[in-house]
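Enquirer: Following this message is one structure expressed as C-alpha coordinates.
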Amino acid sequence: MASTKTVVLRAFKFTLAPTAAQEQQLLRWCGNARLAFNYALASKRAAHTEWRAQVDALVTSGVKEPVARKRVTGPKTPTKPAVYKAFIAERGDTREGVDGVCPWAHEINTHVFQSAFIDADRAWNNWLDSFKGTRKGRRVGYPRFKKRGRARDAFRLHHTVTKPTIRFSTHRRLRLPTFGEVRLHDSARTLVRQIDRGTALVQSVTVSRAGHRWYASVLCKVEMDLPSCPTRSQQAAGTVGIDFGVKALAALSKPLVPDRPESTLLPNPRHLAKAAHRLKRAQQTLSRRQKGSARREKARRRVARLHHEVAVRRQSALHQITKRLTTRFATIAVEDLHVSGMTRSARGTMDKPGRKVRQKAGLNRAILDASMAEARRQITYKTSWYGSRLAVLDRWWPSSKTCSACGWQNPSLTLADRVFECAQCGLTLDRDLNAARNIEQHATQVASGTGETQNARGEPVRLPRPRAEKQGSTKREDTGPPGPVPPRRSNPPTPPNPRQGQAKLF
Ligand SMILES: [Zn+2]
(Lines of atoms letter the chains of each structure in order from A and count residues from 1; the text may use other names and numbers.)
(Lines give C-alpha, C1' and ligand atoms only; values in the text may rest on other atoms or scores of the structure.)
Protein backbone atom coordinates (compact mmCIF):
# COMPACT_ATOMS: atom_id res chain seq x y z
CA MET A 1 0.00 0.00 0.00
CA ALA A 2 1.31 3.38 -0.98
CA SER A 3 1.98 5.81 1.83
CA THR A 4 3.61 9.13 2.37
CA LYS A 5 5.65 10.38 5.29
CA THR A 6 3.88 13.46 6.56
CA VAL A 7 4.47 15.74 9.51
CA VAL A 8 1.24 16.31 11.41
CA LEU A 9 0.37 18.14 14.60
CA ARG A 10 -0.89 15.70 17.16
CA ALA A 11 -1.94 16.19 20.76
CA PHE A 12 -1.12 13.60 23.40
CA LYS A 13 -3.30 13.92 26.44
CA PHE A 14 -2.15 12.75 29.85
CA THR A 15 -3.90 12.73 33.19
CA LEU A 16 -1.82 14.49 35.81
CA ALA A 17 -1.41 13.37 39.40
CA PRO A 18 -0.39 16.62 41.11
CA THR A 19 0.27 16.82 44.84
CA ALA A 20 -2.08 18.97 46.91
CA ALA A 21 0.47 21.80 46.88
CA GLN A 22 0.94 21.45 43.12
CA GLU A 23 -2.81 21.56 42.58
CA GLN A 24 -2.96 24.92 44.38
CA GLN A 25 -0.09 26.09 42.19
CA LEU A 26 -1.87 24.90 39.03
CA LEU A 27 -5.03 26.76 40.04
CA ARG A 28 -2.96 29.87 40.63
CA TRP A 29 -1.42 29.65 37.16
CA CYS A 30 -4.88 29.21 35.63
CA GLY A 31 -5.99 32.29 37.53
CA ASN A 32 -3.11 34.27 36.08
CA ALA A 33 -3.95 33.09 32.57
CA ARG A 34 -7.45 34.46 33.19
CA LEU A 35 -6.02 37.70 34.52
CA ALA A 36 -3.83 38.11 31.44
CA PHE A 37 -6.72 37.39 29.08
CA ASN A 38 -8.92 39.92 30.86
CA TYR A 39 -6.10 42.49 30.88
CA ALA A 40 -5.69 42.16 27.11
CA LEU A 41 -9.43 42.23 26.51
CA ALA A 42 -9.90 45.33 28.68
CA SER A 43 -7.31 47.25 26.66
CA LYS A 44 -8.97 46.18 23.40
CA ARG A 45 -12.40 47.17 24.66
CA ALA A 46 -11.11 50.56 25.82
CA ALA A 47 -9.59 51.30 22.42
CA HIS A 48 -12.75 50.17 20.69
CA THR A 49 -15.01 52.30 22.91
CA GLU A 50 -12.78 55.32 22.31
CA TRP A 51 -12.91 54.78 18.54
CA ARG A 52 -16.69 54.36 18.66
CA ALA A 53 -17.07 57.62 20.64
CA GLN A 54 -15.05 59.52 18.03
CA VAL A 55 -17.16 58.09 15.19
CA ASP A 56 -20.38 58.97 17.05
CA ALA A 57 -19.14 62.52 17.62
CA LEU A 58 -18.58 62.94 13.88
CA VAL A 59 -21.96 61.43 13.04
CA THR A 60 -23.80 63.85 15.34
CA SER A 61 -21.96 66.73 13.67
CA GLY A 62 -23.52 65.70 10.38
CA VAL A 63 -20.99 63.34 8.79
CA LYS A 64 -22.42 60.13 7.31
CA GLU A 65 -21.58 56.94 9.26
CA PRO A 66 -19.41 55.19 6.58
CA VAL A 67 -17.45 58.40 6.01
CA ALA A 68 -17.00 58.93 9.72
CA ARG A 69 -15.74 55.36 10.16
CA LYS A 70 -13.08 56.01 7.55
CA ARG A 71 -12.08 59.41 8.88
CA VAL A 72 -11.44 58.27 12.47
CA THR A 73 -8.03 56.67 12.38
CA GLY A 74 -7.13 55.95 15.97
CA PRO A 75 -6.81 54.53 18.49
CA LYS A 76 -5.73 51.16 17.14
CA THR A 77 -6.89 48.01 18.95
CA PRO A 78 -3.73 46.74 20.65
CA THR A 79 -2.57 43.22 19.75
CA LYS A 80 -0.21 40.95 21.65
CA PRO A 81 3.09 42.86 21.26
CA ALA A 82 1.55 46.15 22.39
CA VAL A 83 -0.43 44.47 25.16
CA TYR A 84 2.67 42.65 26.41
CA LYS A 85 4.68 45.87 26.44
CA ALA A 86 2.00 47.68 28.42
CA PHE A 87 1.70 44.72 30.77
CA ILE A 88 5.44 44.73 31.53
CA ALA A 89 5.25 48.44 32.31
CA GLU A 90 2.24 48.03 34.59
CA ARG A 91 2.72 44.65 36.25
CA GLY A 92 4.90 45.78 39.18
CA ASP A 93 7.28 43.51 41.09
CA THR A 94 7.04 42.22 44.66
CA ARG A 95 10.82 41.68 44.74
CA GLU A 96 11.37 45.43 44.35
CA GLY A 97 8.31 46.41 46.36
CA VAL A 98 6.65 47.93 43.29
CA ASP A 99 2.89 47.49 43.22
CA GLY A 100 1.08 46.90 39.94
CA VAL A 101 -1.55 44.81 38.16
CA CYS A 102 0.40 41.57 38.62
CA PRO A 103 3.43 42.04 40.89
CA TRP A 104 3.89 38.28 41.38
CA ALA A 105 4.34 37.72 37.61
CA HIS A 106 7.98 36.64 38.04
CA GLU A 107 6.82 33.52 39.91
CA ILE A 108 4.88 32.34 36.87
CA ASN A 109 6.16 31.30 33.48
CA THR A 110 5.92 34.16 30.99
CA HIS A 111 4.16 31.93 28.43
CA VAL A 112 1.10 31.73 30.68
CA PHE A 113 0.63 35.46 30.03
CA GLN A 114 1.76 35.49 26.43
CA SER A 115 -0.51 32.66 25.30
CA ALA A 116 -3.45 34.33 27.06
CA PHE A 117 -2.69 37.53 25.09
CA ILE A 118 -2.71 35.45 21.89
CA ASP A 119 -6.04 33.90 22.90
CA ALA A 120 -7.49 37.37 23.47
CA ASP A 121 -6.30 38.39 19.99
CA ARG A 122 -8.05 35.36 18.53
CA ALA A 123 -11.28 35.96 20.46
CA TRP A 124 -11.30 39.57 19.29
CA ASN A 125 -10.64 38.68 15.65
CA ASN A 126 -13.26 35.92 15.71
CA TRP A 127 -15.84 38.42 16.83
CA LEU A 128 -14.69 41.00 14.30
CA ASP A 129 -14.68 38.52 11.40
CA SER A 130 -18.04 37.14 12.42
CA PHE A 131 -19.40 40.69 12.62
CA LYS A 132 -18.07 41.50 9.16
CA GLY A 133 -19.45 38.23 7.85
CA THR A 134 -16.07 36.84 6.76
CA ARG A 135 -16.17 34.04 9.33
CA LYS A 136 -18.10 30.85 8.73
CA GLY A 137 -20.34 29.17 11.23
CA ARG A 138 -22.17 30.27 14.31
CA ARG A 139 -22.17 33.97 15.16
CA VAL A 140 -19.42 34.86 17.58
CA GLY A 141 -20.42 37.29 20.29
CA TYR A 142 -18.51 40.24 21.68
CA PRO A 143 -15.65 38.77 23.72
CA ARG A 144 -16.47 38.46 27.40
CA PHE A 145 -14.23 38.56 30.43
CA LYS A 146 -13.25 35.24 31.93
CA LYS A 147 -14.76 34.70 35.33
CA ARG A 148 -13.44 32.41 38.03
CA GLY A 149 -15.60 29.34 38.41
CA ARG A 150 -17.20 29.99 35.03
CA ALA A 151 -14.34 29.88 32.54
CA ARG A 152 -12.38 26.68 31.98
CA ASP A 153 -9.31 26.49 34.21
CA ALA A 154 -6.42 26.21 31.78
CA PHE A 155 -3.08 27.66 30.75
CA ARG A 156 -0.71 27.02 27.88
CA LEU A 157 3.08 26.95 27.74
CA HIS A 158 5.29 27.15 24.69
CA HIS A 159 9.02 26.63 24.42
CA THR A 160 11.83 27.05 21.97
CA VAL A 161 12.22 23.70 20.26
CA THR A 162 16.02 23.95 20.23
CA LYS A 163 16.09 24.34 24.02
CA PRO A 164 13.24 22.14 25.16
CA THR A 165 11.96 23.21 28.56
CA ILE A 166 8.80 21.11 28.30
CA ARG A 167 10.04 17.54 28.52
CA PHE A 168 9.51 14.17 30.14
CA SER A 169 12.12 13.48 32.82
CA THR A 170 10.87 9.88 33.03
CA HIS A 171 7.96 8.00 31.46
CA ARG A 172 5.88 9.09 34.42
CA ARG A 173 7.00 12.66 34.98
CA LEU A 174 6.34 15.77 32.91
CA ARG A 175 8.59 18.76 33.44
CA LEU A 176 6.95 22.18 33.02
CA PRO A 177 9.22 25.24 32.87
CA THR A 178 9.24 27.34 36.09
CA PHE A 179 6.66 24.97 37.57
CA GLY A 180 8.65 21.79 38.07
CA GLU A 181 7.86 18.15 37.61
CA VAL A 182 4.33 16.75 37.74
CA ARG A 183 3.62 13.06 38.00
CA LEU A 184 1.43 11.42 35.36
CA HIS A 185 -1.32 8.92 36.03
CA ASP A 186 -0.60 7.08 32.82
CA SER A 187 2.70 6.26 31.15
CA ALA A 188 4.07 8.49 28.41
CA ARG A 189 6.32 5.71 27.13
CA THR A 190 5.09 5.69 23.52
CA LEU A 191 5.55 9.43 23.15
CA VAL A 192 8.90 9.46 24.97
CA ARG A 193 10.21 6.80 22.58
CA GLN A 194 9.06 8.82 19.59
CA ILE A 195 10.76 11.91 21.01
CA ASP A 196 13.99 9.96 21.60
CA ARG A 197 13.89 8.57 18.07
CA GLY A 198 13.37 12.09 16.72
CA THR A 199 9.99 11.40 15.12
CA ALA A 200 8.11 13.64 17.57
CA LEU A 201 8.89 17.20 18.64
CA VAL A 202 7.10 18.89 21.54
CA GLN A 203 5.62 22.26 20.57
CA SER A 204 3.52 23.29 23.54
CA VAL A 205 1.55 21.98 26.46
CA THR A 206 -1.93 22.95 27.66
CA VAL A 207 -2.75 22.17 31.27
CA SER A 208 -6.44 22.14 32.11
CA ARG A 209 -8.84 21.06 34.80
CA ALA A 210 -12.06 19.13 34.11
CA GLY A 211 -14.16 17.91 37.01
CA HIS A 212 -11.76 16.48 39.58
CA ARG A 213 -8.99 15.81 37.05
CA TRP A 214 -6.02 17.72 35.75
CA TYR A 215 -4.86 17.08 32.20
CA ALA A 216 -1.80 17.95 30.16
CA SER A 217 -2.30 18.02 26.42
CA VAL A 218 1.14 17.87 24.83
CA LEU A 219 1.09 19.16 21.27
CA CYS A 220 3.74 17.57 19.08
CA LYS A 221 4.92 17.66 15.51
CA VAL A 222 4.87 13.99 14.61
CA GLU A 223 6.19 12.27 11.54
CA MET A 224 3.54 9.82 10.38
CA ASP A 225 3.21 7.29 7.61
CA LEU A 226 -0.10 8.26 6.06
CA PRO A 227 -1.61 5.81 3.58
CA SER A 228 -2.60 7.55 0.36
CA CYS A 229 -5.55 5.29 -0.44
CA PRO A 230 -7.86 2.84 1.27
CA THR A 231 -6.74 -0.75 1.72
CA ARG A 232 -8.34 -3.54 -0.26
CA SER A 233 -10.52 -4.60 2.62
CA GLN A 234 -11.61 -0.99 3.17
CA GLN A 235 -12.53 -0.73 -0.51
CA ALA A 236 -14.42 -4.00 -0.32
CA ALA A 237 -16.42 -2.70 2.65
CA GLY A 238 -17.18 0.47 0.66
CA THR A 239 -19.25 3.35 1.98
CA VAL A 240 -21.08 3.46 5.29
CA GLY A 241 -23.74 5.99 6.23
CA ILE A 242 -24.05 7.10 9.85
CA ASP A 243 -26.89 8.76 11.66
CA PHE A 244 -25.94 10.01 15.11
CA GLY A 245 -28.65 10.01 17.70
CA VAL A 246 -29.38 10.38 21.36
CA LYS A 247 -31.22 7.15 22.01
CA ALA A 248 -28.72 5.02 20.15
CA LEU A 249 -25.28 6.59 19.91
CA ALA A 250 -25.23 5.94 16.17
CA ALA A 251 -27.07 3.99 13.48
CA LEU A 252 -25.01 2.57 10.61
CA SER A 253 -26.11 1.47 7.17
CA LYS A 254 -23.76 -1.52 7.42
CA PRO A 255 -22.76 -3.52 10.51
CA LEU A 256 -19.64 -2.29 12.26
CA VAL A 257 -18.52 -5.84 12.98
CA PRO A 258 -18.89 -7.89 9.76
CA ASP A 259 -20.53 -11.02 11.15
CA ARG A 260 -22.69 -9.27 13.74
CA PRO A 261 -25.72 -7.76 11.99
CA GLU A 262 -26.96 -6.23 15.24
CA SER A 263 -23.92 -3.94 15.27
CA THR A 264 -25.72 -1.50 12.96
CA LEU A 265 -27.33 0.15 15.98
CA LEU A 266 -24.65 1.21 18.43
CA PRO A 267 -26.22 1.62 21.83
CA ASN A 268 -25.39 4.45 24.13
CA PRO A 269 -23.13 2.93 26.78
CA ARG A 270 -25.26 1.63 29.64
CA HIS A 271 -23.20 3.37 32.32
CA LEU A 272 -24.47 6.68 31.00
CA ALA A 273 -27.96 5.89 32.26
CA LYS A 274 -26.52 4.69 35.56
CA ALA A 275 -24.59 7.93 35.90
CA ALA A 276 -27.77 9.85 35.12
CA HIS A 277 -29.35 8.35 38.22
CA ARG A 278 -26.37 9.19 40.42
CA LEU A 279 -26.22 12.65 38.85
CA LYS A 280 -29.83 13.30 39.74
CA ARG A 281 -29.18 12.34 43.36
CA ALA A 282 -26.06 14.48 43.50
CA GLN A 283 -27.93 17.47 42.12
CA GLN A 284 -30.74 17.02 44.62
CA THR A 285 -28.18 16.99 47.41
CA LEU A 286 -26.57 20.12 46.03
CA SER A 287 -29.87 21.99 45.92
CA ARG A 288 -30.50 21.17 49.60
CA ARG A 289 -27.17 22.56 50.77
CA GLN A 290 -26.90 26.06 52.18
CA LYS A 291 -25.25 28.63 49.94
CA GLY A 292 -21.65 29.37 50.83
CA SER A 293 -21.29 26.32 53.08
CA ALA A 294 -18.45 23.83 52.95
CA ARG A 295 -20.87 20.97 52.40
CA ARG A 296 -22.37 22.77 49.41
CA GLU A 297 -18.87 23.11 47.93
CA LYS A 298 -18.36 19.39 48.44
CA ALA A 299 -21.71 18.60 46.77
CA ARG A 300 -20.84 20.93 43.88
CA ARG A 301 -17.58 19.10 43.34
CA ARG A 302 -19.39 15.77 43.27
CA VAL A 303 -21.81 16.98 40.57
CA ALA A 304 -18.89 18.32 38.52
CA ARG A 305 -17.07 15.02 38.90
CA LEU A 306 -20.07 12.95 37.75
CA HIS A 307 -20.60 15.22 34.75
CA HIS A 308 -16.97 14.84 33.83
CA GLU A 309 -17.07 11.05 34.18
CA VAL A 310 -20.03 10.87 31.81
CA ALA A 311 -18.18 13.04 29.30
CA VAL A 312 -15.08 10.86 29.52
CA ARG A 313 -17.05 7.66 28.94
CA ARG A 314 -18.95 9.05 26.02
CA GLN A 315 -15.70 10.31 24.55
CA SER A 316 -13.99 6.94 24.89
CA ALA A 317 -16.99 5.14 23.33
CA LEU A 318 -16.80 7.59 20.43
CA HIS A 319 -13.09 6.95 20.02
CA GLN A 320 -13.65 3.20 19.73
CA ILE A 321 -16.39 3.67 17.16
CA THR A 322 -14.56 6.21 15.02
CA LYS A 323 -11.43 4.07 14.95
CA ARG A 324 -13.39 1.01 13.82
CA LEU A 325 -15.26 3.02 11.21
CA THR A 326 -12.19 4.65 9.71
CA THR A 327 -10.18 1.43 9.60
CA ARG A 328 -13.00 -0.72 8.21
CA PHE A 329 -14.64 1.42 5.52
CA ALA A 330 -13.31 3.39 2.56
CA THR A 331 -15.81 6.25 2.89
CA ILE A 332 -17.71 7.39 5.96
CA ALA A 333 -20.77 9.47 5.16
CA VAL A 334 -22.35 11.70 7.80
CA GLU A 335 -24.89 14.47 7.79
CA ASP A 336 -23.66 18.00 8.23
CA LEU A 337 -23.88 19.58 11.64
CA HIS A 338 -26.85 21.46 12.80
CA VAL A 339 -25.61 24.93 12.06
CA SER A 340 -27.20 27.26 14.59
CA GLY A 341 -30.88 27.30 13.72
CA MET A 342 -32.51 25.72 16.75
CA THR A 343 -30.95 27.85 19.45
CA ARG A 344 -31.50 30.99 17.48
CA SER A 345 -35.19 30.35 16.96
CA ALA A 346 -35.95 30.75 20.64
CA ARG A 347 -33.50 33.53 21.28
CA GLY A 348 -35.67 36.32 19.95
CA THR A 349 -34.44 39.87 19.44
CA MET A 350 -33.10 42.66 21.59
CA ASP A 351 -36.56 44.27 21.89
CA LYS A 352 -38.46 41.01 22.21
CA PRO A 353 -36.16 38.51 23.90
CA GLY A 354 -37.20 34.89 23.68
CA ARG A 355 -38.10 33.01 26.82
CA LYS A 356 -36.64 29.76 28.17
CA VAL A 357 -34.11 29.82 25.38
CA ARG A 358 -31.90 27.09 26.81
CA GLN A 359 -34.79 24.80 27.66
CA LYS A 360 -36.27 25.10 24.20
CA ALA A 361 -32.97 24.36 22.54
CA GLY A 362 -33.20 21.04 24.32
CA LEU A 363 -30.68 19.05 26.25
CA ASN A 364 -30.86 16.17 23.78
CA ARG A 365 -30.07 18.50 20.94
CA ALA A 366 -27.06 19.83 22.80
CA ILE A 367 -25.70 16.37 23.59
CA LEU A 368 -26.30 15.29 20.03
CA ASP A 369 -24.63 18.30 18.49
CA ALA A 370 -21.68 18.02 20.83
CA SER A 371 -21.09 14.35 20.11
CA MET A 372 -21.65 14.83 16.39
CA ALA A 373 -19.09 17.60 16.31
CA GLU A 374 -16.64 15.47 18.27
CA ALA A 375 -17.30 12.38 16.11
CA ARG A 376 -16.79 14.43 13.00
CA ARG A 377 -13.53 15.86 14.36
CA GLN A 378 -12.27 12.38 15.19
CA ILE A 379 -13.37 10.90 11.86
CA THR A 380 -11.71 13.77 10.01
CA TYR A 381 -8.24 13.13 11.38
CA LYS A 382 -8.57 9.37 11.62
CA THR A 383 -9.59 9.05 7.96
CA SER A 384 -6.30 10.75 7.08
CA TRP A 385 -4.42 8.29 9.28
CA TYR A 386 -6.06 5.18 7.86
CA GLY A 387 -6.50 6.06 4.18
CA SER A 388 -10.28 6.36 4.24
CA ARG A 389 -12.29 9.54 3.68
CA LEU A 390 -15.21 11.49 5.03
CA ALA A 391 -18.26 12.59 3.06
CA VAL A 392 -20.44 15.29 4.60
CA LEU A 393 -23.98 15.63 3.32
CA ASP A 394 -26.21 18.63 3.49
CA ARG A 395 -28.20 18.71 6.66
CA TRP A 396 -31.38 19.86 4.93
CA TRP A 397 -31.55 16.82 2.78
CA PRO A 398 -34.54 14.86 4.22
CA SER A 399 -32.70 11.69 5.23
CA SER A 400 -35.18 10.52 7.85
CA LYS A 401 -38.33 11.29 5.86
CA THR A 402 -37.31 9.38 2.74
CA CYS A 403 -37.80 5.64 2.24
CA SER A 404 -34.38 4.05 1.73
CA ALA A 405 -35.86 1.35 -0.54
CA CYS A 406 -38.11 3.26 -2.96
CA GLY A 407 -37.62 6.97 -2.32
CA TRP A 408 -41.16 7.69 -1.13
CA GLN A 409 -41.31 10.59 1.31
CA ASN A 410 -43.31 10.87 4.46
CA PRO A 411 -43.62 14.61 5.11
CA SER A 412 -45.59 14.10 8.33
CA LEU A 413 -42.91 12.04 10.08
CA THR A 414 -42.31 13.39 13.57
CA LEU A 415 -39.48 12.90 16.03
CA ALA A 416 -41.72 10.60 18.08
CA ASP A 417 -42.03 8.08 15.23
CA ARG A 418 -39.26 5.62 16.05
CA VAL A 419 -40.09 3.32 13.13
CA PHE A 420 -40.24 4.33 9.50
CA GLU A 421 -43.15 2.78 7.61
CA CYS A 422 -43.32 3.21 3.86
CA ALA A 423 -46.78 3.67 2.39
CA GLN A 424 -45.53 2.82 -1.09
CA CYS A 425 -43.36 -0.29 -0.80
CA GLY A 426 -44.23 -1.37 2.73
CA LEU A 427 -40.71 -1.10 4.17
CA THR A 428 -40.72 -1.11 7.97
CA LEU A 429 -37.41 -0.15 9.51
CA ASP A 430 -35.95 1.57 12.54
CA ARG A 431 -36.07 5.28 11.85
CA ASP A 432 -32.36 5.88 12.38
CA LEU A 433 -31.31 2.85 10.33
CA ASN A 434 -33.46 4.11 7.47
CA ALA A 435 -31.74 7.49 7.71
CA ALA A 436 -28.30 5.85 7.77
CA ARG A 437 -29.11 3.88 4.59
CA ASN A 438 -30.27 7.06 2.89
CA ILE A 439 -27.07 8.82 3.87
CA GLU A 440 -24.99 5.99 2.43
CA GLN A 441 -26.95 5.90 -0.83
CA HIS A 442 -26.79 9.65 -1.22
CA ALA A 443 -23.04 9.67 -0.59
CA THR A 444 -22.51 6.95 -3.20
CA GLN A 445 -24.62 8.80 -5.74
CA VAL A 446 -22.85 12.07 -5.05
CA ALA A 447 -19.44 10.44 -5.28
CA SER A 448 -20.18 8.69 -8.56
CA GLY A 449 -21.70 11.84 -10.02
CA THR A 450 -25.12 10.30 -10.69
CA GLY A 451 -26.87 11.97 -7.80
CA GLU A 452 -29.46 14.60 -8.37
CA THR A 453 -30.79 16.98 -5.82
CA GLN A 454 -32.54 20.29 -5.84
CA ASN A 455 -31.56 23.80 -5.00
CA ALA A 456 -33.60 26.31 -3.07
CA ARG A 457 -35.88 27.12 -5.99
CA GLY A 458 -36.70 23.48 -6.57
CA GLU A 459 -34.71 23.18 -9.77
CA PRO A 460 -32.65 20.03 -10.15
CA VAL A 461 -28.96 20.69 -9.80
CA ARG A 462 -26.37 18.27 -10.94
CA LEU A 463 -23.82 17.82 -8.22
CA PRO A 464 -20.31 18.47 -9.35
CA ARG A 465 -18.01 15.49 -9.29
CA PRO A 466 -16.44 15.91 -5.88
CA ARG A 467 -12.84 16.76 -5.53
CA ALA A 468 -10.98 13.67 -4.39
CA GLU A 469 -8.87 14.52 -1.39
CA LYS A 470 -6.49 11.63 -1.64
CA GLN A 471 -5.07 10.15 -4.76
CA GLY A 472 -6.47 6.77 -5.64
CA SER A 473 -9.59 7.19 -3.60
CA THR A 474 -11.59 8.08 -6.69
CA LYS A 475 -11.69 4.40 -7.58
CA ARG A 476 -15.26 3.59 -6.94
CA GLU A 477 -15.75 0.18 -8.51
CA ASP A 478 -15.60 -1.48 -5.13
CA THR A 479 -18.38 0.48 -3.51
CA GLY A 480 -20.95 -2.01 -4.74
CA PRO A 481 -23.73 -1.56 -7.27
CA PRO A 482 -25.07 1.95 -7.49
CA GLY A 483 -28.18 2.63 -5.47
CA PRO A 484 -31.63 2.80 -7.02
CA VAL A 485 -32.43 5.58 -9.46
CA PRO A 486 -32.43 8.79 -7.43
CA PRO A 487 -35.99 9.76 -6.71
CA ARG A 488 -37.26 13.27 -7.34
CA ARG A 489 -37.11 14.97 -4.02
CA SER A 490 -39.80 17.28 -2.85
CA ASN A 491 -38.75 20.70 -1.68
CA PRO A 492 -36.56 20.44 1.39
CA PRO A 493 -37.27 22.82 4.29
CA THR A 494 -36.52 26.51 3.89
CA PRO A 495 -32.81 26.81 3.29
CA PRO A 496 -30.99 28.73 6.00
CA ASN A 497 -27.79 27.54 4.41
CA PRO A 498 -26.33 29.00 1.22
CA ARG A 499 -24.65 25.68 0.49
CA GLN A 500 -28.12 24.19 0.02
CA GLY A 501 -28.18 21.27 -2.31
CA GLN A 502 -24.49 20.69 -2.28
CA ALA A 503 -22.44 18.03 -0.66
CA LYS A 504 -18.91 18.65 0.48
CA LEU A 505 -16.42 15.86 0.32
CA PHE A 506 -13.11 16.02 2.06
ZN1 LIG B 1 -40.63 2.57 0.19
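In case you wondered, yes, glycine gets a Cβ from its N, Cα and C as well.
Fair warning: this is a prediction, and the values are worked out from it, not measured in the lab.
So TrEMBL says this about it:
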COMPBIAS  288-301  compositional bias 'Basic residues'
COMPBIAS  444-456  compositional bias 'Polar residues'
COMPBIAS  459-479  compositional bias 'Basic and acidic residues'
COMPBIAS  481-498  compositional bias 'Pro residues'
DOMAIN    8-49  domain 'Transposase putative helix-turn-helix'
DOMAIN    222-345  domain 'Probable transposase IS891/IS1136/IS1341'
DOMAIN    375-439  domain 'Cas12f1-like TNB'
REGION    281-301  region 'Disordered'
REGION    444-506  region 'Disordered'
Enquirer: Let's see if you can do this one: DSSP helix, strand and coil counts over the domain 'Probable transposase IS891/IS1136/IS1341' (222-345), in that order.
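Expert: Its residues fall into 69 helix, 25 strand, 30 coil.
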Enquirer: If you average pLDDT over the domain 'Transposase putative helix-turn-helix' (8-49), what do you get?
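Expert: Averaged over the domain 'Transposase putative helix-turn-helix' (8-49), per-residue pLDDT gives 96.
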Enquirer: Under DSSP, the domain 'Cas12f1-like TNB' (375-439) has how many residues in helix, strand and coil?
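Expert: Result for the domain 'Cas12f1-like TNB' (375-439), in helix, strand, coil order: 21 helix, 13 strand, 31 coil.
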